[in-house]
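Student: What TrEMBL shows for this protein is this:
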type	residues	note
DOMAIN	C:61-253	domain 'ABC transmembrane type-1'
TRANSMEM	C:9-31	transmembrane segment
TRANSMEM	C:57-89	transmembrane segment
TRANSMEM	C:101-124	transmembrane segment
TRANSMEM	C:130-153	transmembrane segment
TRANSMEM	C:174-196	transmembrane segment
TRANSMEM	C:202-222	transmembrane segment
TRANSMEM	C:234-253	transmembrane segment
Amino acid sequence: MRTNSRNFYLIPYVLWIALFVVTPLLLVLYYSFFDIEGHFTLENYRKFFTPVYLKMTLSSFWYAFLITLFSLLIAYPTAYLLTKTKHKQLWLLLIILPSWINLLLKAYAFLGIFGTYGAANSFLEALGIGGRQILFTDFSFIFVSVYIFLPFMILPIFNSLDELNPTLLDASNDLGGSSWVTFKRVIFPLTLDGVKAGCQIVFIPALSLFMLTRLIAGNRVITLGTAIEQHFLVTQDWGMGSTIAVFLIIAMVFIMVLTGRRKRGIL
Amino acid sequence: MKKLIQALAAVLIVSFALLYIVSGLNSSQGYTSGNTLTIFNWGDYIDADLVKKFEQETGIKVIYETFDSNEAMMTKIEQGGTAYDIAVPSEYAIEKMKEEDLLLPVDHSKIPNLKYIDQRFMDLPFDPGNEYSIPYFWGTVGILYNTDILGDKKITSWNDLWDPELKNQILLIDGAREVMGMGLNSLHYSLNDKNKDHLTEAKEKLDGLTPNIKAIVGDEIRMLMENDEAGIGVVWSGTAQELMWEKDNLEYVVPEEGSNLWFDNMVIPKTAKNPEAAHQFMNFILDPENAAQNTEYVGYSTPNKEALKYMDEETTTDERFYPDEELTARLEVYENLGKKMLAYYNELYLEFKMHKK
Amino acid sequence: MKKIRKWPAIYLALIFIILYAPILYLIFYSFNSGGTMYQFEGFTLDWYRELLTDTRLLIIVLNTVIIALLSAAISTIIGVAGALAIAYARKRRVKNTLLSLNNVLIVSPDVIIGASFLILFTMIGLKLGFVSVLLAHIAFSVPIVVLMVLPKIEEMSTSMIYAAMDLGASRFDVLTKVILPYITPGIFAGFFMALTYSLDDFAVTFFVTGNGFTTLSVEIYSLARRGVSLNINALSALLFLFTIILVAGYYFITKRNEKPNGMGVRQ
């Protein structure tokens, strides 16, 4: 696929980039240089480096990291076991299905399940552990976020595991590799692309979560997304909101470049 | 490849079949007839039966769209692209929309039922002479508490909330002006205070409340209070009224230091396509019987003096929801603080939210 | 492996229970005569009856499905083209730039996307409604498709393409007979992800919709003020049942006709 044949199928994609990516990007960049009264200023950027926003950035990254980590830890075995089942495509579809039910409805269901008199607490009491506050804690926030992102992590990992050539595993076993060695040396490296795609799809949006921070974490967790939401919809300080967005986008590019490099080292 | 083409064809066929069905349904419902009225209102802020009644009486088809914050609503109206005939902003938003020239004047001669509105709610500072807006509902911000959870504890003031015994019991509504206002009121400052020292003082006082706060939430506060999830909720009066109709263990109080008095008024945006129908609808809603029915559905307080006669006396004589002039004197309406000051409020509020337990 | 076969089954079962718990919770309360999502008072079918008479809600549901299907299909086409462009970009710099631009929409919070699309559409003079919502949904689904398809293209060895070309295949043939069949699982995965994003989106749709056009999530968010009414639960239950039947039916029919179908299939 060299030079000239690239052009014809590129047209819609390039058009899409120009219209829906570059234009909004320029708009965001443009707005970030204006204060709330419409004067040109660099004040927004100065404000971003005050402790409030730096703390917020740090905690956003921390929570996004935790969410990605737990999603990966749960998703990888799930995807692996799914590839071993008989009707694997059906089971996979059934994993995705719950995400077609509206997020707000599921959040309301979790409010009920995790509530003081909810199913989770009844369960804990039946176990003899006793009821406790689950709602509006870090635990409930991470649990529900992982719940939401799990299918997005499973899908790419499943696809790369499914592509795995079984003869490679047999070869490894025949050469005396234990299961763990086979996993570490053969399976995991070969599915790394899927893992990376999954991590990108989870980590990047997790940085800017906003709905769940209010519904499930009761605003005990403030992420960059929450702040942008506030600035755009409540304060109408589009300048500050855009500035935070600019930093989010820079962070995203940074992550992409980073994961891109790592791959070259391995292959 | 064949599989891909098959799948694509299947998706397209299903979509166009559905499109056909929808267009059939739309025209059978009369949404395409032309004589329509588009209302842009808060979610669940009108009795749907009234909309049907209006449609039957006038033959005008109502398209009902909703928003969940004044700011989101203003953004959409400012940008154009849609034509809303009626919107229902809060008082400070009306002031702002007026400044930005987004509203059409209201023709009082077309709304004879305007005479039923209590004079107290007419000619307010945010819209002198009601040139652009017609009262829809009004209410207060106050404290809703659960007597089962709190026992004998009486809550009468904002300062009662700082009681260490209320650890992890309070739900706040997620609004910068509401929460900052709470801090200001508890220090006996004005809700519209622009003195930065006072504001910092209020924010620091609020930081001290953090151990008592269970969560800062949005509309789901209604569900959480109904579910006995917390002992105290700082809510708008309509939420309180609705819940108290359902549950006996809830009490509402307007704190003695003072609180916020707010108004939601109907306006006609400049982009309106059918201002004639908008006036008709306003008149229809101000009809005392209709207003009473709407009030009993929504739960907020009606500005319609005549409508009170059609309502349950227990409700209309309830001082907490229909405060007399003396109590109203302690209440304050939000003023437009100006963008800079509002941003400062929000900044402090954000810092307060980030304050860890 | 055989000795511990029990544990994988338990693990998978647990994952499925957790994934479906909130949905079963919603369905359970759709039969509640009490009218709220807690305190089950008695069994009733009233909510379902109410649902069947509500034409407005039916229109909204159909609109939602149409938007989801169309936007997913179109964004899949654009996304596959984009993924090919990125994968076969010769310069690393170009590749990284394209990839970063691609991901801008994933990292941008919904409010920013919504607000900037609104500005964009009004600039162009597009009337808000079906078309604007469709365009917006296509726009934010494209990057997901790219991310799902890209790993598939990258793991395909270039020698296959050269082999085909040496055998005299035209570029078009290479695309349709070699590349596309190979990446089909990724394409399906991308399509389903796009579907998921479209069904779940609230914030972007809110900004770009108008003139009476509404989708289900916008409707649900606006109803949330007073706690979601149970006929929405009933609606979710029906939609959920419907999709399960559809998915299972589709799966078994294709299964009988040919080799396993769906996503993640090995070619």
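Start at 1 and count along the chain as shown; that gives each residue its number.
Any Cβ shown, glycine's included, is placed from N, Cα and C.
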Student: Test of understanding: applying the rule of at least three C-beta pairs under 8 Å (pairs 6 or more apart in sequence), is the transmembrane segment (C:234-253) touching the transmembrane segment (C:130-153)?
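Tutor: They are not in contact.
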Student: For the transmembrane segment (C:202-222), I need the partner stretch with the highest count of C-beta pairs below 8 angstroms, choosing only from C:9-31, C:57-89, C:101-124, C:174-196, C:234-253.
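Tutor: Of the candidates C:9-31, C:57-89, C:101-124, C:174-196, C:234-253, C:101-124 scores highest.
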Student: Among the recorded stretches C:9-31, C:101-124, C:174-196, which has the greatest number of Cβ pairs closer than 8 Å to the transmembrane segment (C:57-89)?
Tutor: C:174-196
Student: Take the transmembrane segment (C:234-253) and find every residue of the same chain, 6 or more past its ends, with a Cβ under 8 Å from one of its Cβ atoms.
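Tutor: Same-chain contacts beyond the ends: 23, 26-27, 30, 47-48, 50-51, 57, 61, 216, 261-262.
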